Each structure stands twice: as C-alpha cells, then as structure tokens.
Amino acid sequence: MNPGTGRTWWKTAIGLLLTAIMLFPVYWMLNVSFTRDQHMRKSPPDWFPVHGTLDGYRTVLNQQLPYLATSLVIGLGTVVLTVALAAPAGYALAKLRPRGGGLLSFLLLVAQMIPGIIMAMGFYAIYLQLGLLQSVPGLIVADSTLAVPFAVLIFTAFMSGIPGELLQAAQVDGAGTLRSFRSVVLPMSRNALVTVSLFAFLWSWSDFVFASTLANGGAHEPITLGIYHYIGNNNQQWNAIMATAVVASLPATVILVLAQRYIAAGVTAGAVKD
Amino acid sequence: MNRTTHPPDRWPAPVRNGAAATVPPLPTRTAPRRRRPTSQQWAAWAFLAPVTLYLALFYAYPLYRNVDLSLRDYTVRSFVQGNAPFTGLENYHKVFDDPTFGPALTHTIVFTAMCLVFQYAIGLAMAVFFHQHFRLSATLRALFLVPWLLPLIVSASTWLWMLNSDSGVINAGLHAVGADPVNWLTSPSWSLTSVIIANIWIGVPFNLVVLYSGLQTIPANLYEAAALDGASAWRRFWSITFPLLRPVSAITLLLGLVYTLKVFDIIWIMTKGGPADSSTTFATWSYRLGFGNLLPAFGPGAAVGNLLVVAALIFGLVYLRVQRKQALS
C-alpha cells in the first residue's frame with residue numbers, strides 16, 4: 001500500500017487535468033466576476049483576470065446584501081424546523097418501534113420523489129388563501145419540505161446504531177423516554193445532526209422553485225431570486241452577476257472545505273441504504 | 001421496520017440419539033424481548049406526531065390541492081373567492097390536445113435518457129479512476145463535488161454566459177480550434193443539447209460519489225486473483241467491477257431517473273423552455289402554464305404537473321422495490 005511516487009505521478013497528473021476540466025465553469029465564474037465591463041465582450045476573452053476589477057463585488061455589496069440576509073434567515077430557520085421535526089421522529093422510528101412506523105418510513109421515501117414544481121403549485125394555492133405569500137415563515141416551511149423526509153431517514157439510520165444497552169442503562173437510572181432522548185440519544189447523534197443541518201441549509205439556500213413561486217415581488221426575496229432578477233433586468237453587467245453567483249456559492253464552498261466527509265456520507269446515505 | 005413479536009426462546013428439545021450434544025444451544029438473549037408496553041407505543045407516537053402532522057399538512061394537502069386544481073377551471077379571481085367550477089377531466093383533455101404535448105413528452109424523454117447515460121458513464125469512469133491510489137486522489141475527488149453543491153441558479157447562470165453566442169468562452173474555444181460558432185441557446189436545434197450538457201455537469205458528482213462507495217465494497221482480493229491470472233485492466237473491469245457494481249448501478253440510475261424527470265431550474269433559467277418550445281419538458285411546461293404568463297392557467301398547469309407526479313411515483317416505486325430486494329439479499 002505504498003506505491004512509489006514514480007509509478008503514480010502520471011495518475012495524479014491525469015486526476016488534476018480531469019478536475020480542472022470539471023471545475024472550469026467554476027473558474028470561469030470567478031474569472032468573469034473580476035472582468036471589467038469593457039472587456040466583457042472581448043474576443044477571444046481574457047483567460048485570466050489580469051486587468052481585473054472589484055466593481056462586480058462592489059455592486060454585490062451595494063445591491064445584494066438584503067437578499068443574502070433573507071437567505072441566511074430562511075436557511076437557518078429551515079435547519080431549526082427540520083431538526084426539530086426530524087430528530088424526535090428518527091428516535092421513535094429507530095428505538096421505540098411504534099406500530100405503523102414502517103408505513104411512515106415508506107411515505108417519507110415516497111415524499112422525496114414528488115417534483116418540486118408540484119409542491120410549489122400546491123403551496124401557492126394554499127398560501128394565497130392564508131395570506132402567506134411573500135412571507136419568510138412561509139418560505140421556511142416550504143423549503144423544509146426539501147429536507148424533512150431525508151432528515152428523518154438519516155436520523156433513523158444513525159440512531160439505530162446507538163446500542164440499546166445505553167438506553168436501558170439510562171432507564172435503570174430513572175430516565176424517561178424524553179430524558180433518554182435529550183441526554184443520551186441526541187448528544188450521540190452529532191454526526192447525523194451535522195449532516196442533516198448542512199443539507200437542510202444548502203437546499204434552502206439554493207432553492208429557486210419555491211422562491212420564484214411563493215416570494216416573487218415580495219419585500220423578502222432570497223439570493224436565488226436576486227441573481228435571477230439580475231439576469232433578467234441586466235445582461236450587460238456580467239461581472240456583477242457572476243460576483244453575486246460567487247458570493248452565493250460561498251456557503252457551499254465553506255461547507256465542502258469544513259465538512260467534506262459529512263457531505264459524502266449524506267449523498268450516499270440518500271441513495272444506498274445499509 | 002418489520003419487527004414481529006418473537007416466540008419465547010426455547011431450548012432445543014432433547015434428542016434421543018444423543019446428537020444434540022453437538023448442536024449448540026440457540027443463542028439466548030440477555031434481555032428477552034417482550035411485546036412493547038402500551039405506554040411505550042404512546043411515547044413513540046408522541047415523538048412521531050409532529051412529523052405525521054407535518055406530512056399531512058405540507059405534503060398530502062398540497063398534493064390534494066393540486067389534484068383539485070387540475071379538475072377545476074381556476075382563474076386568479078376564483079382562487080381568492082373559492083368558487084371555481086368543477087370541470088372534471090377537461091384540463092387533461094386540453095393538455096393532451098395541446099400542440100406542446102408531443103414535443104414536451106419527447107424532450108422530457110430525450111433529456112432524461114441523455115442525462116442519465118452520460119452522467120452514469122462519466123461518473124463510473126471517474127469513480128474507477130479515483131478508486132486507484134495516487135497522491136491527491138481524495139482531495140481531487142472532494143473537489144468534484146463542487147458542481148453538485150452549487151446553487152442551481154449559479155450553475156445555470158454560469159453556463160448561460162459560457163454558452164453565449166457572441167461572447168461565450170465555449171464559442172471562443174471552438175473558434176480557437178477552427179470550428180464555427182454555435183448558437184447554443186438561441187437556436188431551436190441546439191437549446192436542448194445545451195441544457196443537457198449543463199445538467200450532465202451537475203449530475204456527475206452524485207454518480208461519482210455513489211458509485212465510488214459501491215466500488216469500496218468490492219473485495220480487493222478478487223482483483224489480485226484476476227491479476228495473477230493475467231487478466232487485463234479492461235477485462236477486470238468487465239468481469240469483476242461492472243457485474244459486482246450492478247446493484248449499486250441500478251439504484252444510482254433509478255434515483256437519477258427520478259431526479260432528472262423533475263429537473264426544472266436549469267432549463268428554466270437557461271432557456272425558459274425555448275426558443276419556440278425547443279427545450280420544453282413537462283416540468284417547465286407545468287411551471288409556464290401556472291406561473292410563466294400574465295394570465296395563469298393553473299388548471300392545465302396542475303394537470304401537467306400531476307402527470308409528472310405519476311411518472312415520478314411509478315419510477316419511485318420501482319426504486320423502492322429494487323432497494324428492498326437488495327436489502328433482503
């Protein structure tokens with residue numbers, strides 16, 4: 001298991017090349033975000049931001065901060081709501097074995113298959129009557145539907161792995177069901193908690209379907225709509241559009257750097273269950 | 001999930017010819033399982049009550065409203081007043097007779113099939129490549145996740161600018177190798193290809209990660225034995241990797257199918273389904289009917305959407321069946 005670097009350096013080279021091809025659009029987004037307006041339509045384009053400008057980012061700071069703040073609030077709200085709903089449910093399904101739990105797990109799997117457009121249309125009809133259109137709580141609830149079924153299934157899978165002896169020991173010490181959940185199960189489920197929170201945040205931060213159907217034209221629009229309006233109103237200032245895109249990608253980047261293994265675990269857990 | 005009440009543990013009945021001495025006793029459990037007490041059932045459902053209520057309010061009810069929408073003649077006014085006349089299946093008839101129906105169906109099938117094939121093939125090739133041991137392998141594999149993590153609006157607008165006819169970097173690249181520029185997004189013959197390319201790019205990481213985790217379950221000694229027998233790398237792939245990966249491949253493709261059927265953001269942001277319906281799928285058509293015009297046609301929009309739900313659920317149930325079968329085996 002110790003291949004000499006002489007034998008594998010060309011594999012590293014190919015790997016670097018493949019990654020470079022794959023990430024080229026991301027590089028291009030960065031490059032364009034620094035390009036000056038007058039060089040935007042240059043042919044051939046500048047391959048590096050040599051005569052770069054921060055104008056695009058200045059525009060973001062001037063125009064997009066409210067959108068970013070809205071997205072942050074909605075993202076955090078979605079995380080809280082998702083965890084609050086899913087953690088107890090995962091505990092019950094994994095450890096308390098209720099009758100009908102199997103059916104509930106099945107429904108959660110099916111819920112993940114429903115196209116977002118359909119949910120959006122249903123939500124629109126309901127929110128119109130309730131007066132919840134263009135409201136932050138309304139968007140939090142709608143965005144949470146992206147994450148809740150996934151979250152319950154992750155929590156269930158993870159909490160199933162907690163040894164029953166621990167819960168029995170807690171019971172012997174006089175802890176009730178709620179107490180064991182709070183003091184034993186929840187602290188031990190930190191990894192699941194992190195995975196679920198990351199995905200709930202990312203999905204709600206990235207949501208475009210609910211934003212454009214339920215929040216369009218309101219006082220609180222998330223950043224995805226901010227970019228969308230930008231493209232619609234203004235297809236000259238691509239450095240500003242791309243600068244906004246870069247800023248909107250920051251959460252994904254930070255999460256990838258800090259919590260790569262949780263992301264990989266979450267992707268596979270969604271598809272291949274043990 | 002499928003816990004049944006266990007019969008009380010029994011010791012094996014004594015066997016007359018003495019053979020029982022070699023039969024190990026059935027394993028006894030340290031704590032014999034009993035039927036869960038009723039109080040615990042109550043506690044369990046107390047923990048499940050919020051999610052159950054949530055599913056009913058925020059999944060079942062919107063879906064019901066959507067079916068209801070598709071069976072009535074809704075306008076914005078009747079939405080608020082709640083007096084839309086019931087028209088039965090008329091919206092569905094309208095949708096089937098619409099000139100957009102045929103193209104939307106074809107595009108949905110072509111889009112889904114092309115994305116699936118290329119995402120899977122590229123994802124598998126990358127997974128096999130990165131499964132080897134070399135310097136930076138893990139880091140580069142992690143970087144491959146970036147396209148999947150970016151908000152779709154970001155990916156879509158980046159591709160929008162890259163595929164721009166006059167100033168896009170793709171056409172600049174084509175020019176550099178002497179090829180003619182392509183009107184990627186503005187010509188009806190290329191728009192579907194453009195959104196397919198962008199969506200393949202977004203889907204490769206998912207396939208890579210899932211297939212990579214499948215590769216890790218294949219025992220390494222199989223490859224060692226094959227290498228000893230003189231099997232070439234290509235031969236080892238076709239005789240070991242591919243067959244043993246089949247269960248994971250099935251899951252990946254089915255899940256990809258369910259995901260790709262409902263792709264909306266990418267197409268809508270890049271082409272809005274145009275020009276002239278040339279990249280319209282069921283997902284974008286449904287959205288355009290409901291929200292894309294000044295005069296919304298909620299009924300037909302919901303009808304198109306419900307057709308999409310039916311398709312997604314059919315493949316979704318197939319997925320669950322395959323997954324359950326694999327879990328049992």
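For all residues, glycine too, the Cβ spot is worked out from N, Cα and C.
Please treat TrEMBL annotations as automatic predictions, because they have not gone through curation.
Database features (TrEMBL):
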DOMAIN    A:68-259  domain 'ABC transmembrane type-1'
TRANSMEM  A:12-30  transmembrane segment
TRANSMEM  A:67-94  transmembrane segment
TRANSMEM  A:106-127  transmembrane segment
TRANSMEM  A:147-167  transmembrane segment
TRANSMEM  A:188-206  transmembrane segment
TRANSMEM  A:238-259  transmembrane segment
Task: Selected stretch (most C-beta pairs under 8 A with the transmembrane segment (A:106-127)) from A:12-30, A:67-94, A:147-167, A:188-206, A:238-259 - done: A:147-167
- [ ] Compare A:67-94, A:147-167, A:188-206, A:238-259 by their Cβ pairs under 8 Å to the transmembrane segment (A:12-30) and return the stretch that comes out on top.
- [x] A:238-259
- [ ] Please work out which recorded stretch in A:147-167, A:188-206, A:238-259 has the most C-beta pairs separated by under 8 angstroms from the transmembrane segment (A:67-94)?
- [x] A:147-167
- [ ] For the transmembrane segment (A:188-206), find every same-chain residue at least 6 residues outside the stretch whose CB is under 8 Å from a CB in it, and list them.
- [x] 71, 74-76, 78-79, 82-83, 86-87, 90, 140, 143-144, 146-147, 150-151, 154-155, 157-159, 162, 166, 222-224, 248, 251-252, 255, 259, 262-263, 265-266, 269
